[in-house]
Amino acid sequence: MNMINYECKMQKIKLKTNLLNFDLQSMKKFFCSIGELEFRAQQVMKWIYQHYCDDFNKMTNISLQLRKKLSTLCCITPPKFLNHKVSVDGTMKWSVVIGNQCIETVCIPKNQRTTLCISSQLGCSLACSFCLTGQQGFNKNLNVSEIIGQVWYIQKLIYFSKINITNKITNVVLMGMGEPLLNLSNVVHALRIMLDEFGLNMSKNHITLSTAGIVPALKKLHTMIDVSLAVSLHASNNTIRNQLMPINKKYNIESVLCAIKKYLYYSNANKKRVTIEYVMLSGINDAAYHAEELFNLLKSIPHKINLIPWNHFSGSNYICSNDITINNFANILIKKGCIVTIRKIRGYDINAACGQLSGIVFDRKFNKINCIS
């Protein structure tokens, strides 16, 4: 299907209600609003998320009359996926069309595990200096169907053996484009679908929300959802974090750590422990005393530390710390009793590694299109 036909199809679909926008409670309300019983929502959700069915006529345990009604009123439509790329290490990346712009989604198969890295916004407003996404500016929050549709569509490809991945998606990480906590409502609705027994029925321990630390949203997150939490800290003090992450001038390290403690107090996911993400930048944040500072920051919080070798992108002056420096940094923390992992670089050759995701984004702040390849 060419883009003109696709856009015409999407215009027609916009007149219908996209059921991918509904978690179970919203689906029940919708079914009641069209004169149907609540339990029909459960039946339809199972068809959508456990049989990957987007054709109401194939939902054989509901009446023909209801199937016709749903076909008239509703659709099951994820965003369009283009430009499927496969890395030498097996990592896969897609461009995902959002209007006339696009985001990126990455699938990482490894042994018996398949991890999907999804985006939550079209662009990102945080402008972290070491991240390519942040250089593109921000356009909009993704809606629920655009978030859950990334998981649903790739899971459907695997389910029907349309791509060379054997195991279904076991882990979802919100580590793609955008800051999830700046799109809190839509992200939470999508997470509820992933967790629901009539939805994707995933474990909360296998879903990770990664945030730069939007403190007001982080403080109330526990009242809305319980999933594993990762926080992009990337510095051992506020001076460095201000340089790397402008959001730190609004929500400094101390306020972020306080919000983390509150979330962990209520959360049962991931053994009540936060993952601290720390990008390794040569001469910036990788000295031995930075490791000491990091330990002192975190010693009152149950945590594990994920050291991330920085991935180069054009136009950046940063340099990744070398392997010796990264290992020395890790060993300092390990000797103090920290759990430390060093992230393995996946998908670098197709620009699918951490910090490399881009797309086509119309930056609303500067009123221009940013397209980085």
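Easy rule for this one: first residue shown is 1, then count along the chain.
Even glycines carry a Cβ here, placed using N, Cα and C.
Record features, source Swiss-Prot:
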- Glu104: active site, proton acceptor (ACT_SITE)
- Cys354: active site, S-methylcysteine intermediate (ACT_SITE)
- Cys124, Cys128, Cys131: [4Fe-4S] cluster binding site (BINDING)
- Gly178, Glu179, Ser210, Ser232, Leu233, His234, Asn311: S-adenosyl-L-methionine binding site (BINDING)
- Cys117-Cys354: disulfide bond (DISULFID)
- 110-349: domain 'Radical SAM core' (DOMAIN)
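Everything Swiss-Prot records as a feature, shown here on the structure.
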residue	record	contacts (Cβ under 8 Å, 6+ apart)
Cys124	[4Fe-4S] cluster binding site	Cys131, Thr133, Gly134, Gln136, Gly137, Phe138, Met177, Gly178, Glu179
Cys128	[4Fe-4S] cluster binding site	Gly134, Ala212, Ser232, His234, Leu244, Met245, Pro246, Ile247
Ser210	S-adenosyl-L-methionine binding site	Val173, Leu174, Met175, Pro180, Ala230, Val231, Ser232, Glu277
Cys354	active site, S-methylcysteine intermediate	Met175, Val279, Ile308, Asn311, Arg343, Ile345
- Measuring Cα to Cα, tell me the gap between the residue listed as 'active site, proton acceptor' and Cys117 (disulfide bond) in whole angstrom. 9
- Item | Largest inter-residue Cα distance among Gly178, Glu179, Ser210, Ser232, Leu233, His234, Asn311 [record-listed S-adenosyl-L-methionine binders, Å] | 19
- Message: What does the structure give for the C-alpha distance between Cys117 (disulfide bond) and Leu233 (S-adenosyl-L-methionine binding site)? Integer Å is fine.
- Response: 19
- Task: Starting from the [4Fe-4S] cluster site formed by Cys124, Cys128, Cys131, give every other residue of that chain whose CB sits within 8 Å of the mean position of their CB atoms, in sequence order.
- Result: Leu126, Ala127, Phe130, Leu132, Thr133, Gly134, Gln135, Ala212, Met245, Gly355
- Per residue, counting other C-beta atoms within 10 angstroms of the C-beta, which of the recorded positions Glu104, Glu179 reaches the highest number? Glu179
- For the domain 'Radical SAM core' (110-349), provide the mean pLDDT of the predicted model. 96
- Task: Quick one: give me the count of other CB atoms within 10 A of the CB of Cys117 (disulfide bond).
- Result: 26
- Which residues, sitting 6 or more apart from Leu233 (S-adenosyl-L-methionine binding site) on the same chain, put a CB under 8 Å from its CB? Gly213, Arg241, Ile253, Val256, Ile276, Glu277, Tyr278, Leu294
- Candidate with sparsest Cβ neighbourhood (10 Å radius) among Cys131, Gly178, Ser232, Asn311, the listed binding-site residues: Asn311
